[in-house]
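Asker: According to TrEMBL, the feature ATP binding site maps to Lys261. According to TrEMBL, the domain 'Protein kinase' annotation covers 232-494. Feature annotation from TrEMBL assigns region 'Disordered' to 502-535. Annotation comment: TrEMBL describes 44-61, 73-95, 107-132, 157-179, 200-219 as transmembrane segment.
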Amino acid sequence: MTVPPTSPGTPEPSRVPTPITPGVLAVAQRAVSNEELATNHKRLVTAYGIATVLVPAFALTDFAREWAWPHHTALVTALVIRAIAMAVIGGAYFRLRTARALSERELDFWVNALTPFLAVVIALLSLCISGVDSPYTDAVNLVATGYAFVPRRWTKVVGSAITAVIAFPATFLVAALVWDRARAELSEPAFAMDLAIETAIFAATVAVLAYAAHLLWALRREVFAARSIGRYRVQKRLGRGGMGEVWSAFDETLKRNVALKVLRLDHADAVALARFEREVRATIELTHPNTVRVLDVGVTDDGISYYAMELLEGESLGALLRREKPLAPARAIHFALQAARALAEAHARGIVHRDVKPENLFVTRAGDEPDFLKVLDFGIARLDRAEHTQLTQTGMVAGTPQYLAPEVIEGGDATPAADVYALGVVLYEMLTGSSPYGRVEGPALLIAHLTTDAAPPSAHAPVGPAIDRIVMRCLRKRPSERYPSAREVAEALIELGIAETWRPSSAPPPQPALSLVASPDAETQIASPRAARSE
């Protein structure tokens, strides 16, 4: 028996999205990264240029202090320190000024080196000019502004900031070991307390300026919230995942609301970008009405990768089960059949979902037809093509433990049979209200997948033997003993003749309508409109 491509009354997709050229997101992101790198290079040249001018210019204050307090200044030593500092900073400035381009690593080095180096220089000059009580100790707070010249993510500068804060008092302590004058000062409690206070103030200044630089860095990645992305007018954020965000937006061309999935630039490394592009390419190939539809895909001028999909109102199957489990057998088969049909198309195209679970099955309404199911999140899908074989981190198992097939747990490839296994677990939960392996978690759950034979659904719910046979075949330990793909599952479910007997209620769900929120790292979330607005 063949599986019909759509169910009666199901609307066809309104348009076919423009195919995405392989690598276009990566190319655009690299262009933006290079542009940002060049801008930061210019800012860094400015920072080192200012330091190159100020270090020798303040030698005038050394002479002024020597003239006013001739017995409290080690002028020659101070000038030698300035000369050394001038040589180092001037050399760095020359390198930055003449370099046509910097690598990201070299940029990080020069950004992170400036403040700790100047903190040491200020400490040494303070020792030469009146010691701990020198006015130069207050000037150490000025060097913390180096972080503001080149806004960076806080994780990139935290090591440098800690080093600078430690280096300042450490210079005094090391000097006390070899310099009698420094030792005499630090032996007095008042001077030691002054140094501790100066260090605390310096630490606070560094923390504030480093965080301010982080906010400036993040501003560019958040600015799209107040403007349009392509032809989409952004309205509100629906959710945020580890690597991306989903916004509701208005399509100015089609005059409709859409869900806009955006890859966050701060997570746009090669692996994240490849996963995002793979999700787009996998989903865009699928046209089945029970698969969430991709309407458009693109990259903005400043490198924000996005794709638009239909905005769904409803709730995940997981939320429905938490409220109403177990489901009537006819309703459970109705949902399972829709999921199987959508997955059948994916399997026929060489796409394995790898994360079939209730949270990735969305219950919505298609026109006047309630209980319409959509399959979401192909973010960790496997495409049977060579270029995608290295996108999963070595040693990592992709998927959700409760729905992992035994062969995947053992490190084998995820084939369509793995999706069949996961769909069998979902169907089992819908029919019985519980997992096939009870409430076990963690390693015990994985062992159960490998070694424990689940009791048939009829042991927990009034289910007929025909349904038992389908579910238990889906849950076989060996992939070869399961249905080879979701198409065969759908055919078996159709032969039951049960799905068409389900007549869903036309009443709205008892909870407020919920909006689809899907993250690029394939963890679907559901956010209420009220919660979304509060963000």
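The backbone N, Cα and C atoms fix where each Cβ goes, and this holds for glycine too.
Map these features onto the structure and tell me what's around them.
Answerer: Under the DSSP three-state reduction, Lys261 (ATP binding site) is assigned to strand.
For the transmembrane segment (107-132), the residues of the chain that approach it from at least six positions outside its boundaries are 37, 40-41, 44, 47-48, 51, 55, 61-62, 65, 69, 72-75, 77-78, 81-82, 85, 88-89, 92, 96, 139-140, 143-144, 146-147, 150, 152, 156-157, 159-161, 163-165, 167-169, 171-172, 175, 179, 181-182, 185-186, 191-192, 194-195, 198, 202, 206, judged by C-beta separation under 8 angstroms.
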Asker: Across all chains shown, how many C-beta atoms besides its own are within 10 angstroms of the C-beta of Lys261 (ATP binding site)?
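Answerer: A count of 29.
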Asker: Within the same chain, where does the transmembrane segment (73-95) have neighbours whose Cβ lies under 8 angstroms from its own Cβ atoms, ignoring anything closer than 6 residues to its ends? I mean 6 or more beyond.
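Answerer: Residues 45, 48-49, 51-52, 55-56, 58-59, 62-63, 65-66, 110, 113, 117-118, 121, 124-125, 127-130, 181.
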Asker: In the same chain, which residue numbers or ranges, 6 or more beyond the ends of the transmembrane segment (157-179), come under 8 angstroms Cβ to Cβ?
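Answerer: Non-local partners: 111-113, 115-116, 119-120, 122-124, 126-127, 132, 140, 143-144, 147, 185-186, 195-196, 198-199, 202-203, 206-207, 210, 213-214.
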